[in-house]
Each structure stands twice: as C-alpha cells, then as structure tokens.
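Only one structure is covered here, and it is reproduced in the block below.
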There are 4 protein chains.
Amino acid sequence: MSMHDQKTVAIVGGSGYAGGEFLRLALNHPHLNVTQVTSERNAGTPVSMVHPNLRGRTNLKFRKAADLDEADIIVLALPHGSAAKKIAEYEARGKIIVDLSADFRLKDPEVYRTTYGEDHPTPEKLGEWVYGNPELHREDLRGATRIACAGCFATSVILALYPLLKLGVLLPKDIIATGLVGSSAAGASASDASHHPERAGSLRVYKPVGHRHTAEAQQELPGHFPLHLTAISTPRVRGILTTAQAWIPDGYSDRDVWSAYREVYGAEPFIRIVKVAKGIHRYPDPMLLDGTNYCDIGFEMDQDTGRVVLMSAIDNLVKGTAGHAIQSLNIALDWPETTGLEFAGLHPA
Amino acid sequence: MSMHDQKTVAIVGGSGYAGGEFLRLALNHPHLNVTQVTSERNAGTPVSMVHPNLRGRTNLKFRKAADLDEADIIVLALPHGSAAKKIAEYEARGKIIVDLSADFRLKDPEVYRTTYGEDHPTPEKLGEWVYGNPELHREDLRGATRIACAGCFATSVILALYPLLKLGVLLPKDIIATGLVGSSAAGASASDASHHPERAGSLRVYKPVGHRHTAEAQQELPGHFPLHLTAISTPRVRGILTTAQAWIPDGYSDRDVWSAYREVYGAEPFIRIVKVAKGIHRYPDPMLLDGTNYCDIGFEMDQDTGRVVLMSAIDNLVKGTAGHAIQSLNIALDWPETTGLEFAGLHPA
Amino acid sequence: MSMHDQKTVAIVGGSGYAGGEFLRLALNHPHLNVTQVTSERNAGTPVSMVHPNLRGRTNLKFRKAADLDEADIIVLALPHGSAAKKIAEYEARGKIIVDLSADFRLKDPEVYRTTYGEDHPTPEKLGEWVYGNPELHREDLRGATRIACAGCFATSVILALYPLLKLGVLLPKDIIATGLVGSSAAGASASDASHHPERAGSLRVYKPVGHRHTAEAQQELPGHFPLHLTAISTPRVRGILTTAQAWIPDGYSDRDVWSAYREVYGAEPFIRIVKVAKGIHRYPDPMLLDGTNYCDIGFEMDQDTGRVVLMSAIDNLVKGTAGHAIQSLNIALDWPETTGLEFAGLHPA
Amino acid sequence: MSMHDQKTVAIVGGSGYAGGEFLRLALNHPHLNVTQVTSERNAGTPVSMVHPNLRGRTNLKFRKAADLDEADIIVLALPHGSAAKKIAEYEARGKIIVDLSADFRLKDPEVYRTTYGEDHPTPEKLGEWVYGNPELHREDLRGATRIACAGCFATSVILALYPLLKLGVLLPKDIIATGLVGSSAAGASASDASHHPERAGSLRVYKPVGHRHTAEAQQELPGHFPLHLTAISTPRVRGILTTAQAWIPDGYSDRDVWSAYREVYGAEPFIRIVKVAKGIHRYPDPMLLDGTNYCDIGFEMDQDTGRVVLMSAIDNLVKGTAGHAIQSLNIALDWPETTGLEFAGLHPA
C-alpha cells in the first residue's frame, strides 16, 4: 500500500486499556499509521513496556501530551471529563477527533449535568459529534470528523433492544438490563476493588441502580419506556453479558423477535444472532468474543407471560470501545467496514 | 458426649456433591453419626476416594442401596424423581427422612405435574412433608419426620423476597430474579457443558425462562404477583448471587426495606443484612460464603423510580442444600440450631 | 488474489481443538482454502456448531472420513495412533500431508515402541517426515510434503534449551523441565478430570515422571544430557509455561545465555526474548499469548550456583500445534513465513 | 468452658491476611479469647469491615498499636522487619509472643544479614525463639514463649523433604523445588502486580532464583546438599503446590520413600500422604486445602533415573501461616494439638 492511503494517528492517553486496545487494532490496520502515543506517567518508555502484547510489533515510545504533534486522526483515551476540557487543543492538531470517553456522547447538556454531576465545559460543541454506534448511525458517520464512541455497557444494552423498540415489538413497560462485566472495564489502575485476592472469586454488584450509561441508552433507543440498569462484576477480565428483561405485546411471538432482529441487523457485519436449539453454545457468551468486534445477540421467550429475555455479549474493550471506534472510522473514511477487525475469536478460550 | 445423644445417619446417593456435603457437615456434628453411605457406582470404595477432602476423616466405604440397613435418619441425595418412587422402602428403614431432591417440595400434585412433566408417584404423601426452609417453617420443623429440603436457587429467591412480601413493602408487580450460579449446581457428573475449556471462561445463560424453582418460590412466597427467573452460569464452582428487581409503593423508602428485613430476620442465626456505605464488600458476595450456612442479603433502592434491587448470596451446596438440611434437622431434633454449621467462611477466598 | 494462488485443504478429525484451531487459522490465510472437514460424530453438522467462534465465518459442514475427497493439503488432527494406521489412504488423496499427532515425530521405531508401548505400524515411512519445528528444521521444511508437527510441551522445552545446548552454554547435567499446562491440552472430550468443579481451582500434577514428550525433546536437542519432565495442569484453558532448570559452566554468565539466544533466534519471526529489569511483565507469560504463534523465552541466573532458570511460554494450540503447522506449511510452500499468523495477542487477557 | 481456661490474645497488625486468618481461627478456638486487634490505618473501624467473613462473629474494632494493652499472647502479624525493631515493647505486654513474620526464624545473624540485606536489630534474642514448625520442633515448642512461625513456601519445601533427608533416602545432590503460589501470598495491599486484569490469567515466574525462604529451609533440613527454589504465581488465591525434584540412591525404591514418610509422619495429625493409583485426586492438590491446616504430601519415582518428584500442598495462610501458629500454640500451652483446626476443607471447591 502506498503511504498516501494511510492516515496518521495520535493516541492521547495511551497507557490505559482503551488506548492500548486501539493501538493494537490500529497497528494491524492497513490505513492507519500510529505515529504518536501519549502518557504522562510513562513518557519516554516504549509502549510495549505497558502493553507487552505489542513486543516486537512497534518501536513507539510514549511522549507527554504537551509534545503532541499534528496527526490526521486524534484518538482521545482519557479519563472522563478530560477530553472536553481541552478539546480546542486537540482540534488544533487534528482534523478527525475520536473520543473514547463519555464527554461528547450525550446531546443534551442538561442530561449531561444530571448524569455526571457537573456542567459540560463546552455544551455548544455537543451537536458536532456523532454517537459512534455504526449500527444506529452509519449514515451520520460517513465523513464524520467528530466521533464520540459509545459506552461499553450502553452498547450491549442498545444493540439488544434497538430493533425491537424500533419495530414496536416491545411493550412500553419497565425493561431491566443486567450487565455482567469483566474487570478490565474498571481500567488499568490497581485499586482495592481490583486486588486479585478480593476479585478473583467475587460476584460483586457494583452498580445496582444509577448507572450512568442509562442516559446514553435512553438517548439512543426509540420510544418512551422506563429502562433500569444493574451492573455486576464477574471473574472474567474482558466481556459483558447483558440480559434485558422485556415484554412482548399480546399476539406477538418469538417469530416477531426473530424478524425484527433480521430486518434491522440482517446486513450488519458485526452482529450475529445466536439462538441454537441444542448444544452448549445456545446463546451469546462473551467467552467467544475476546478480541473480536462482534456483538452476539440472542433471546428466549416465555410464551405464558410475554416475557422475553434478550441477551447480548461483547468484548467491552473492542465492540465496547476500540473496535467500535475503528469500525466508525472505517465508515467515516469510506474504507471497508471490517478493515482491521477480522479476528474471529478463540475457541476454546 | 454419650452415644445416646447421637442419631445414626444413612446417606443414600452419597457420591454426588449434595450427599458429599451432607457427609462433610455430619462428620463434624456432635449429634450425628453417619454409619452408611450408598453409591451404586462406587460400592466397596472408601468415600474419601470420591470426596478427597475427607481423607483421614472417615473410614466409611460406599455400599449399594440394596444393602441399606436401618438408621435413625435417612438422607436421600438422589437425582430428581428417584426418592419418591421408592419412598416406602426408605420409610421402612428410618424414622426421619430428609430428601435433598425436588420430589416432595411442592404441595400441589398438579403444580408438580406442570413443573416436572409427569405425575407425582405418591401424591397422597405430599402433605406429610415440611418444606425445609427454617426461616419460613421453623415451627413446622420442630419434631418433623419428613423434611423436603428447599432448592438452592429457590432459597436465594425466597429469602430475598419473603420479608418484603410478608409485610407488604413490595408492589404486586413483575419481579425479575436473576441467579448467577456456580458449576457445582449441575452436579458431579462430567458433561460437555461442564468441560473445563468450555466452562472456565463462560458466562452462559442456561435457563432464561421456565426455571423449575419458580414453582417452589411461588408456593412459599406470600401474596399474588408474577415472579420471573433467569439462571446464568458463572466461572465460580460454588455459590449463587441472586438479584431480584422489584418495586416499592409510593411513599415507601429504603428505611421500610431495612425495617422489614430486621423485623423478620432480626433473630435469624444464618441471615446477615449486608449493606455497607463504602469499601469493596458493600453487598452480598458468594465469594465469602463457600462452606458456610449463611444467606447474606442486601439491597439498594432507586428513589426516582421505586425500583429496589434485592440481593442474596449463598453457597448452593450448604445454605442451598446440605446446610439447610442440617439446620432443619437441628430444629426437628431440638438441638441448638447452629450445631455443626459454625464455619465462618474464608477471606480472602 | 487469484484462485491459483490457493491450495485446497482437507482437515481430517476437525471436531477437536487442534483441528478447530487449524481451521480458524486457515480461514484467515490467503493461500489456504479449506474445502473439507471431517468428523465421524458430527457429520452433516455445520462446523460452527462445534467451533462457535467461526459463526459467520464459514458455511462448511462436517463430513465422514469415508467421504474424503482429494485436496492439495491433508491435515490430520486425529488421536494418537490413528494417522499412521491409515496413512496410505491419506497419501492417495493429497500431495502434502501434515500430521498434528505424535505418529510420525520420532525417527527411531525402537524409541517409538518404548515411548508408545506398541510397534509403529509403518516404520519404513518414518524417514520421509520432517519434524515440524521451523526454528530447528527450516531448511528441511522447504518443499517438504510430510510434516510431523511437534508436540506442545516438547516445543516449549526444545525452544528454551536448543540455543544453549547447541552453543555449549549448558553443562551436560540433569535438566529439569516443569510444564504448567492449560486444560485444552487434554482435548475436547469431557472427562472426570476435566469436570469444571474438579478442575477450576486445581493445581494437579498429572505427569510427574514418564512424560512421552521426553523422547521427542531428546531426539531434537543436541548433545547428551539427562532430561526430566514434569507436567502440572493449571486453571488456564490455553497455554504452557515451562521452566527448565539447567546449569552453566564455570566462567560463563548470563551474558553468554543472552548471546546464545540472540545468535540462534535473532532472526526468528515468532521468538521473543523477554527479560525485563522491572515491571510486572518481566518474563514470559502465557497470558499474553492466547491465539498467537509466539514463543516467548526468558531466563534468570543464580550466579552463586551456576543454576539458570530458562522459561518459555506458548499457546499450546497455536505455537504448540496448529500455528506451528501453518508456519511449517508457509515454509514448505515458499509463502512469507508469518502469513496467517499475524495476531498479536491481547492485553489484558 | 470457664473463663480461666482461656488466654487473652492481642493481634498486632490485624488488617492483613495473616492477621485476619489468625483472628478467624482464634475466634473459633475454645481456649483463645481475642481482646485486641491493631491496625494503624483502620483504627476505630470494626474488624469485620476489613475481614467481611467475620460479620456477625465479632464486635471487635481495630485500635492503634500505641494503645496496645497487656495480653497473655501477643501475635505479631507485621511486615518484615517491623517485629524485631520493637520487640521489647511487645515483650513488656505479653508473656507469649508469636511472630508470623520472618524476623526471628533464622538462628544465625550472618545468614539473616545475607538473606535480608541488613543487620538483625536484636541478634542476641534470636536464640530465644523456637521455629514454629510442629513436625520438626514439637518438643521444643512445649512451654515455648517465643514462637517464630515458619514461612509458607519454606514449610511446603521442608515438609516434603524432611523425612527423606533425615533418613538418608536422598542423594546429596541438587534439589530443585518449584512452588506454585496463590495471590494471597503477596498480601492484602493492591499493586500493579495484583491488579485483577493482569493477574487473573497469569502464570508469572516472580522469583526464579534467590528466594529468601531458601535460608530457612536450609537451616531446618538435615544434611548438606544444594537446595534451589523457584516461585511462580498462579491464578489461585490461596495455596501452594510444591514439586521438589530429588534423587534416590541406587538400590532404593519408592517403598523406601513410603517408609520414610510413614516413619516420620505416621502420627502427625496434619500430614496426609496422598498417592493414589487411579482417579483424578492422585496427588496433593491445594484445591482441597483452602481453610485447612493440612499439608498433603505425595511423590512419584522414575525408576530408570532415580529421580523422585516429591509434592506438597498447603494453604499458605493456614498451614503456611496462621494455622501453623495455632498448632504451635496448642503444643506450647498443652492443649490438644488439633484444637481450633478441625475444618476438613471443601470438595468441590
């Protein structure tokens, strides 16, 4: 490939898991050329010291954010609140900005304030950003230069519910979504909660009510209905398994659920409907998705009560973060949508 | 202790996990003297070959069920359907019968038929059995000679909900209970589903709808409301964490939930209300309960919506099976209720 | 790519983990076109029912071995002893045969007899096969049509020791190699030993002495010295971490070990020397290698005693089996050696 | 039991895992009455906030070490180096001192200096302490008032080797001991190395050479022979599995190994020889020992080479730390040796 087919990329905040995962995917992407990765704490260190899977794959060293040069694409992998406060600086250095944090996901500054407990620093810019969910916003993403990547739990909830709500297959009744989340979702910094002896055997309800991704999911999902989220940490490192408990109108059956998913997702390259009559892999399972950009979706219906259990599984760091971002960039830049995201996942794993 | 303080015990079907766990607890119980353990497949073999934790603790060998002698207490740890079919044989050999299976839990033969897909072989006997849940049936258990031990997932659901339903703190609205279950709940026999490479990293929805314990829970819980169960297997070996999503009437608050739990469970020796404002052990976690007879219960409320997330954690083989049985026996035989169940659990674990 | 750049591939015995992994890698390989996969038990079933990571990646169905058609390359992923017994049938159907089992690894029929407890069925053919270890036999592999892929534990032992033995950096003294092995190494069939509740928390010495890979390693390693293997199963699904305890002659230091590894492996595309002064990823760790074809090698020396601890880590199903095979095929067919083996591995994982 | 049968206990440094485990065992010990637990960081907090398994078991609160009152027994559970520096203060407050750290284990101040890199602060006191290993020092422990509890990895090495070295069943040749260690051995403080995403799937060689417990083991084991230790962390939380590779003289067989173990350990209450011809629990496995005071010992011999693989398994926090301490106290105070240590361990676990 000639150099002019490539875009230069700078990753700001590249020592965390989101930035590291973007880097891993970008190094394998024929159109992306990562030229800079910043980390205040690790400036001067080879990135492979922090991301040891990249040994032999890159000679890049971390630099300080203050030394950020221009790049075609700037990827912000910073803690919540950091990207928005300095967004002008990043805009001055790159044409396309991809933010992996929550800073630009919400359209309504008032919802932002309620959700994050402070005023948005640049509310006037919120309208410039496209919510980085290719399944819902593919057309908006074409040519986009501001991409606010969807949250990981939100993505698993949205993708499970969207077709059914769009096509009216669910009652406007309380939906309960329970997310079983791996430890990498809490980030790369050690804490009491992440201490292996306290975490390895734990099933820990860490957000029974009040999860911030509720706002994202409500913004993106069609219709008016109450949505309730509960998040539980599991012994896995990666992955989210979400079950969403919802209700089918009288006269509807599981065939309508099938139809809705097929109609909306039939051409999606990264969504697979997983619902098998027998065997041990009958429904979505994050075990199969580590490192992949798939969202597997399944369901089961209780004909007696109209309850339907929707299930979705993703790798929180790929389809939930960095893979989503790459997929969105592929669309924005008119590259084949699966470029750099071909990994099939391992079995057994 | 003199011998006349002890009851002899025969465990029928002692090579599985439920029977093995009852044996472990009984060997440490000052009033129980296990004299027989049966296993068709392992007859003639020392029990410590199958339950290697009991090496040096017992010299018992398995015998065939056909060689069962009399005992004061007969504990049936058999697959579903086996106990009821031969119950007369067991009744001929022991005064007290404890059944760890589902055979005698349901009072209504019609519900049994709907739930288990066949007619109950001895419906006339169902009324003789006490449902072995000490928190709900302590008075009935005193002097009882037929104890049908509660199911493990059912126990976690019942104990989380009972006080609130009894005291009217919940709306009569759909309750969704999601159980995260360890692999030991599926028993001691190897299968494709239990093959370590397929199971170790899995989060597998194995019963999204139609869980059989729904019938037990509905029988035992007061009031009329729709109850929905979903069961998911996790990488743990033991333990169940259940979250029950329910709804508080207008004007009620989390203080009413507290009060209800305190009023009903305040004197319970094996129930702990776990709801801590800070730290990493804020809610019930099965990690802390392996080997113990505790049921830890917690909750969190969403004041905006009236949603309350109830949580319960147990060891499925102890409070969910064998410990429950011992506790019930302690009550039936008028021994101190915690006898033989003193183990506090490990931390870290 | 035009079709004439591709070779057709038939995988015989494709329902196990080795065959499944070869299939996964081959589906992503631009020069390989898998046209047949056999499985007696699953004939007629889509391969993605057994290898659910391949959902949406292939429409292949299993067929019976009796229906095997011709292919350019036949990959045998059969239990030990099966390939050799019917080798003439496979030779009649394909020009290039790759055997993933142990049948054609040993050159000496007498060693085979001692190791596997029976006479080799076709000893006259043993000389036709190249031992499928690219690092040791790259030249022999060019144009090879019979490739006997190295065993997984043997590979980890051989790659750790080879440069030092070749260059005389080790004393001809007892070498103890201890392999920590994931559960996938025991194959895809459920057994008592693989039952999750028995395996998840286990550290089980399953082959303290008498490991069959000793013969392979001794055949391939230069010089005469006693080699002793111990294999222990761990809670991981994939991966082998081997520590080899060996002895440096007087006057040698860790610089000589460095030099030997660099001299022999300096140009190897899949070997990385991992020895870092600080941080938590100082030595090889199979955690980082799931799905990759790397063998990471490290060491540490005890200057006082001359003891050197050599360490190697691989994914047993990739560098230990299917990746090794692909790498060998790439050499045999003069394709770039890393083709189809580009996956970098995940972090965290 | 009357109060005068009890000794009061103060645990200094009770917020770590060693102190917490001692507390758990002591609360269940009929002759021990824990009256004080110190923690500088948690002073004023209930101990059950830090050790949540003890909820409902104790109302003790942490106090500062400066507020330490007198007690019959003072248990020091402090970081290395802390106990020795202030030993006079503790001696002023209690008649019996039990130190769980390494401070008083080594008899020779010069070995201490070489091992720990600094001069011992009170070398004149080293002779007053008994090494807290009941199997080797039972007689010395009777009436002892200074007990230096053995290190966890050292214990697993010593107990595997002691009978064979004592009775001359091993050659005076290099012995390689490889310890597979759970994450709790690194203590209760979070670190990069203990961060769950980095540790959960890891097999990490953390001390290939130069392990400090080498000095302890060499001090305690009879005879002169080179001993080499390698320590590897595993995904378990508790437990150590040690394999010791050693050599039998010509003319000896595995019967001599059996005899030696039986002769020396035949009457030991907490040592079990585990060597079973068939089944999946043939050798020691820490899986079975969580929470117990057992050391399981097994072996296998390679008749061709004279190599013998000795294996030992313990719970590092019980037989490796707090249980050892209780057992030593039971001997010192002439209580039945198994008092408070009756827990059999779980299966499955």
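Quick reminder: no glycine exception, Cβ is built from N, Cα and C everywhere.
Since we're looking at a predicted model, the values are computed, not measured.
TrEMBL annotations:
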type	residues	note
ACT_SITE	B:CYS152	active site
BINDING	B:SER15, B:GLY16, B:TYR17, B:ALA18, B:ASN316	NADP(+) binding site
DOMAIN	B:8-144	domain 'Semialdehyde dehydrogenase NAD-binding'
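Everything TrEMBL records as a feature, shown here on the structure.
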| residue | record | Cβ contacts under 8 Å, 6 or more apart |
| --- | --- | --- |
| B:SER15 | NADP(+) binding site | B:SER39, B:ARG41, B:ASN42, B:VAL50, B:PHE62, B:ALA188 |
| B:GLY16 | NADP(+) binding site | B:ALA77, B:GLY187, B:ALA188 |
| B:TYR17 | NADP(+) binding site | B:SER184, B:GLY187, B:ALA188, B:LEU317 |
| B:ALA18 | NADP(+) binding site | B:ALA77, B:LEU100, B:LEU317, B:THR321, B:ALA322 |
| B:CYS152 | active site | B:VAL181, B:ALA185, B:ILE240, B:ILE314, B:ASN316, B:LEU317, B:GLY320, B:THR321 |
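On the 0 to 100 pLDDT scale, the domain 'Semialdehyde dehydrogenase NAD-binding' (B:8-144) averages 98 in this prediction. Spanning the residues B:SER15, B:GLY16, B:TYR17, B:ALA18, B:ASN316 that the record associates with binding NADP(+), the maximal Cα-Cα distance equals 17 Å. Checking the binding-site residues B:SER15, B:GLY16, B:ASN316 against chain C with a Cβ-Cβ cut-off under 8 Å leaves no residue at all. Chain D comes within the C-beta cut-off of under 8 angstroms for none of the recorded positions B:SER15, B:GLY16, B:ALA18, B:CYS152, B:ASN316.
Here the domain 'Semialdehyde dehydrogenase NAD-binding' (B:8-144) has, by DSSP, the following mix of helix, strand and coil residues: 52 helix, 31 strand, 54 coil.
In three-state terms derived from DSSP, B:ASN316 (NADP(+) binding site) belongs to neither a helical nor a strand segment and is classed as coil.
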